Amino acid sequence: MASAAVGNYEEEIVRPVADFSPSLWGDHFLSFSIDNHVAQKYAQEIEPLKEQTRSMLVATGRKLVDTLNLIDTIERLGISYHFEKEIDEILDQIYNQNSNSSDLFTSALLFRLLRQHGFNISPEIFSKFQDENGKFKESLASDVVGLLNLYEASHVRTHADDILEAALAFSTIHLESAAPHLKSPLREQVAHALEQCLHKGVPRVETRFFISSIYEKEQSKNNVLLRFAILDFNLLQMLHKQELAEVSRWWKDLDFVTTLPYARDRVVECYFWALGVYFEPQYSQARVMLVKTISMISIVDDTFDAYGTVKELETYTDAIQRWDINEIDRLPDYMKISYKAILDLYKDYEKELSSAGRSHIVCHAIERMKEVVRNYNVESTWFIEGYMPPVSEYLSNALATTTYYYLATTSYLGMKSATEQDFEWLSKNPKILEASVIICRVIDDTATYEVEKSRGQIATGIECCMRDYGVSTKEAMDKFQQMAETAWKDLNEGLLRPTPVSAELLTPILNLARIVEVTYIHNLDGYTHPEKVLKPHIIGLLVDSIDI
């Protein structure tokens, strides 16, 4: 933010504008329109494949391992949303039968699938693979596929799952050792898993990788499933590109690139985030609302972080709290642009939701936005005063400025199943939401620390931690990493039945945590610098279709 505060806006203010790179995409997505003939052709071919897949799923008399493998393959191929009821019923039956297995592969796959679907299966299933000292048997080292599944299972652990801490360490060491000597496609699958475990990955990104890099190359592949998955991916991609074209036109009409040149132009990356929250066709309206919200709050973030003066930001904060277009005259010209755009956007949301009698829920998102802006203003005050708060004070403010309370709430707007009671539950910051927010905060803080430090910000999470605990930068980052691990256990716990809201409404909260893991992988700021991280994902999901 600018450090000079003046009473007269006519006076020239020297602003330390952050030098953000322009959009990588230009007008690339602006003019896409669905080829209805191709879309209809894909949809017609999908129907019989879908029914064949359903028949495979509900067939009886299969071995446990074959049933689990089929479900896992369908989920990894990104087509399980067609069969949620069938899969849940099968897993419910398996769980209630106390199904067990003697081999590592089946046990680990059983454990992960049940946990990911909310069934609290005991980690004691793994005790048979330990020796008398409680260590995993070295004889397992040669079972690479079993180890890979043990590794993936270890990431759904909760606080009560100490055995899975050992499982993670054991499987990681042996997979790293085995990886260079494996044949394709297992080699690629192991290398990818070590880089990005399945449970913390963005579902569409994982699906794209699995179809193209793994399943197509597997000798044992099922051609019905593969064909179905490719057609479904390409058909959904058309819908996603159409949504992005709509949002790109909205963004271009706002013309923030010209009128607010200090801010990041990242509407495509914002769409990737919304797509990470939910990709299924029934959430089209929800996605468009969410991407517009993320794009808008990004502008507000940069206004506080890289442009506004203290006095301007205080006035802007007050105007947002009042939420009244008549407040606009108090603002400097550049702030009038975003203020009007924000109020217009929420009027549009109310209008859009009114036909379903849901316009009243928009107020929940507005209150969350007011909260974010209040907390942005606190951060800007700390910056100008050179104040470094204790870690606890820092976090009490900084959790809201992740925008994740706000985005989780916004993600429910276009979800037709979300009721007033669900919004009330979310407004109380339940533990699972708190966990997702903490994951975002500490991963973001670690990745952006050096850049924020170079811009003179001392009230960063890492700096506050270093001072509070008298530790080095690396030790502070390790503490933050440990906070993320603890939060993941809380989040995983929050997915276990019985849950206060439906699994459908918990999934966006989980996916928000996944997105931040992917965007800031290897401590890179993939949002500010998308060329480093997000560009290949965006190309894979929104530019290149899968060859049929």
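Numbers run from 1 along the shown chain.
Cβ coordinates are placed from backbone N, Cα and C, and glycine is handled just like the others.
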Where Swiss-Prot places motif 'DDXXD motif' among the ranges 116-120, 301-305, 311-315: 301-305
Secondary structure content of the motif 'DDXXD motif' (301-305), with strand meaning DSSP E or B: 5 helix, 0 strand, 0 coil
Residues flanking the Mg(2+) 3 site, with Cβ no more than 8 Å from the Cβ centroid of Asp444, Thr448, Glu452 and excluding those residues themselves: Asp445, Thr446, Ala447, Tyr449, Val451, Thr460, Asp525
Neighbourhood of Asp301 (Mg(2+) 1 binding site), C-beta criterion under 8 angstroms, separation at least six: Tyr376, Thr401, Thr403
